[in-house]
Amino acid sequence: MPPPLLLLLLLAAAAAAVAPARSKSTLESCSSSTACPALLSYTLYADLKLAELAALFSADPLAILAANSIDFAVPDPADRILPAGLPLRVPVPCACSDGIRRVTTVRYVARPGDTLASVASSVYGGLTTPDWISDSNGILGAKPDAAVDAGTTLFVPLHCACFGGVDNGLPAVYLTYVAGKGDTVAAVAQRYRTTATDLMSVNDMATPELAAGDIIVVPLPACTSSFPAFTADYGLAVANGTYAVTANRCVQCSCGPGNLDLFCVPAPLADSTCSSMQCANSSMMLGNFTLLMTSSGCSVTSCSYGGFVNGTILTTLTTALKPQCPGPHQYPPLIPPPTSSFFETYLGPSPTPMASEGGVMAGMAPTSTPAASSGPPPAGRHVVGDVLGAFALCLVGNLLW
């Protein structure tokens, strides 16, 4: 073989071995205009006030705290400083855009030194791509390292997923997760209390290979609502072990830990601007219930939340007969706002109801702080490729010398 051809082949082998693989993403095609509640797994790139983090995602600061089971009745929550490296779940509406499920409500004001690539990878943690940003803003033919003028407002579409709000026939909220260095399918499954098999099935993965930058979705067991379609919070779903704030911050809804029944009560910050939360023809307030033992079982009368319409909180009074009277309602544990990045959001139990754990109402001290879960140590990846690349480069060096 002529030396020039050999040299070209060796150079090609070296480039293939050391070039980073293109990240894989799970995309959900869609045709419906209806958005669904979704979650994004996001790690803070810098120390940020909660208000600054919320502005990045056009989200309600209290909704972010609630989605992470962080006490949202603390004083001045928006001014709380969250540390860099803190992993959080960010609740977002997942819409249908150009036939793909994406978050379309995010706006970002560029700062000096920003590029399309830095906004996508650093600011938004790989939840979007430079191409998506350039396409959404009509910046045709722009390269990823193209500078963005400071002060420019960018539309930033983000990955998300709905998949009908179910997983294996059970209610679910989907969390979009960007794999980090050393992540494995098994480790991600363990962290979110699911199985590697389910993750592979949901993400249509033929093998359990996961590389840094890959985007997958994780189904989380959830409590769903059945509000009428004309309500502002139609389709509300809350991941197990967490909370949601709705009805203009007047109502808080929780899911778990003992079952997957949505439970809503007046929010800790509800004030005189909130509409009445009393059930009609009753003295019962939202979240109240009464028990009456009968010869046929336990008659449970409850005042439940029915959605939010034009500033009015809808309530429903229902009576149901159950074999046994339920005990006091248990709430998912709440934790204080974190001051360290060594933090894991509370993970609720599996879809199968478990014995209730001690919980607290928002605004009260938590009874316990959940233990952080950790996956296996980072697995070495692309070792063979690295060795081949080094070998090929050495051969090229010898030929050039």
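Every residue, even glycine, has its Cβ placed from backbone N, Cα and C.
The following features are taken from Swiss-Prot:
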- 1-23: signal peptide (SIGNAL)
- C30-C96: disulfide bond (DISULFID)
- C36-C162: disulfide bond (DISULFID)
- C94-C160: disulfide bond (DISULFID)
- C96-C162: disulfide bond (DISULFID)
- 106-156: domain 'LysM 1' (DOMAIN)
- 175-218: domain 'LysM 2' (DOMAIN)
- C223-C255: disulfide bond (DISULFID)
- N240: N-linked glycosylation site (CARBOHYD)
- C250-C279: disulfide bond (DISULFID)
- N281: N-linked glycosylation site (CARBOHYD)
- N288: N-linked glycosylation site (CARBOHYD)
- N310: N-linked glycosylation site (CARBOHYD)
- S373: GPI-anchor amidated serine (LIPID)
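Separation of the C-alpha atoms of N240 (N-linked glycosylation site) and C255 (disulfide bond): 5 Å, rounded to the nearest whole number. In the domain 'LysM 1' (106-156), helix, strand and coil residues by DSSP number 15 helix, 8 strand, 28 coil. A 10 Å cutoff on Cβ-Cβ distances gives N281 (N-linked glycosylation site) a total of 7 other Cβ atoms nearby, all chains included. Distance noted between the C-alpha atoms of C160 (disulfide bond) and C36 (disulfide bond) is 10 Å. Residues within less than 8 Å, Cβ to Cβ, of C279 (disulfide bond) and separated from it by at least 6 positions along the same chain comprise M285, L286, C303, T315, T316, L317.
Per-residue pLDDT, averaged along the domain 'LysM 1' (106-156), amounts to 95 for this model.
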